[in-house]
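**Q** Below you'll find the structure I mean.
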Amino acid sequence: MACGLVASNLNLKPGECLKVRGEVAPDAKSFVLNLGKDSNNLCLHFNPRFNAHGDANTIVCNSKDNGAWGTEHREPAFPFQPGSTVEVCITFDQADLTIKLPDGHEFKFPNRLNMEAINYMAADGDFKIKCVAFE
């Protein structure tokens, strides 16, 4: 995967929403949105896989604590289509991150690192970001 957008000093607080809108490549295999303190401390590794790493049409979520990956969570909902424009909304609190998918489906992923602010975001893979908004 080519290196995509990286942003720091976001200071996203609990209850605030991070909206990411972009275009999925027509031949997409997977893409990644990482959120956390920095690249080694991620409260959310959000990885929709069209056909990658042995997964097909599956969202894989994980966390990374001081460079060590946690246990993967697989979400069966998969509203992504190659060649489409999508929007994902992410909010968090002390306990969980809530991910709202393009079709309105929501699921929770535990805030394993107990982050009180999200300062880092990175996007990579077969996804071209068009808009990032904070609400």
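Residue 1 is the first one shown; counting continues down the chain.
A Cβ is built for glycine as well, from the same backbone N, Cα and C atoms used for every other residue.
As annotated in Swiss-Prot:
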type: BINDING; residues: His45, Phe46, Asn47, Pro48, Arg49, His53, Asn62, Trp69, Gly70, Thr71, Glu72; note: beta-D-galactoside binding site
type: DOMAIN; residues: 4-135; note: domain 'Galectin'
type: MOD_RES; residues: Ala2; note: N-acetylalanine
type: MOD_RES; residues: Lys13; note: N6-acetyllysine
type: MOD_RES; residues: Lys19; note: N6-acetyllysine
type: MOD_RES; residues: Lys29; note: N6-acetyllysine
type: MOD_RES; residues: Ser30; note: phosphoserine
type: MOD_RES; residues: Lys108; note: N6-acetyllysine
type: MOD_RES; residues: Lys108; note: N6-succinyllysine
type: MOD_RES; residues: Lys128; note: N6-acetyllysine
**Q** Out of Asn47, Arg49, Asn62, Gly70, Glu72, which of these binding-site residues is nearest Lys13 (N6-acetyllysine) by C-alpha distance?
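**A** Out of the listed candidates, the nearest Cα belongs to Asn62.
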**Q** Give me the non-local Cβ neighbours of Lys128 (N6-acetyllysine): same chain, 6+ apart in sequence, Cβ-Cβ under 8 Å, ordered along the sequence.
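**A** Result: Gly22, Glu23, Ala25.
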**Q** Tell me, roughly as an integer, the mean pLDDT over the domain 'Galectin' (4-135).
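**A** Its mean pLDDT is 96.
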**Q** If I take the alpha carbons of Lys108 (N6-acetyllysine) and Asn47 (beta-D-galactoside binding site), what is the distance between them in whole Å?
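**A** About 14 Å separates the two Cα atoms.
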**Q** In whole Å, how far does the CA atom of His45 (beta-D-galactoside binding site) lie from that of Ser30 (phosphoserine)?
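**A** If we compare the Cα positions of His45 (beta-D-galactoside binding site) and Ser30 (phosphoserine), the gap is 12 Å.
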**Q** When neighbour density is defined as the number of other C-beta atoms within 10 angstroms of a residue's C-beta, which of the recorded positions Ser30, Asn47, Asn62 has the lowest density?
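**A** Result for the recorded positions Ser30, Asn47, Asn62: minimum number of other Cβ atoms within 10 Å at Asn62.
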**Q** Same-chain residues six or more away whose CB lies under 8 A from the CB of Gly70 (beta-D-galactoside binding site)?
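**A** Residues satisfying the criterion: Asn62, Ser63, Lys64, Arg112.
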**Q** Can you tell which of Lys13, Lys19, His45, Lys108 has the most other C-beta atoms within 10 Å, given these are the recorded positions?
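**A** Answer returned by the neighbour count: His45.
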**Q** Within 10 Å of the Cβ of Arg49 (beta-D-galactoside binding site), how many other Cβ atoms are there?
**A** 22
**Q** Give the helix, strand or coil assignment DSSP yields for Gly70 (beta-D-galactoside binding site).
**A** coil
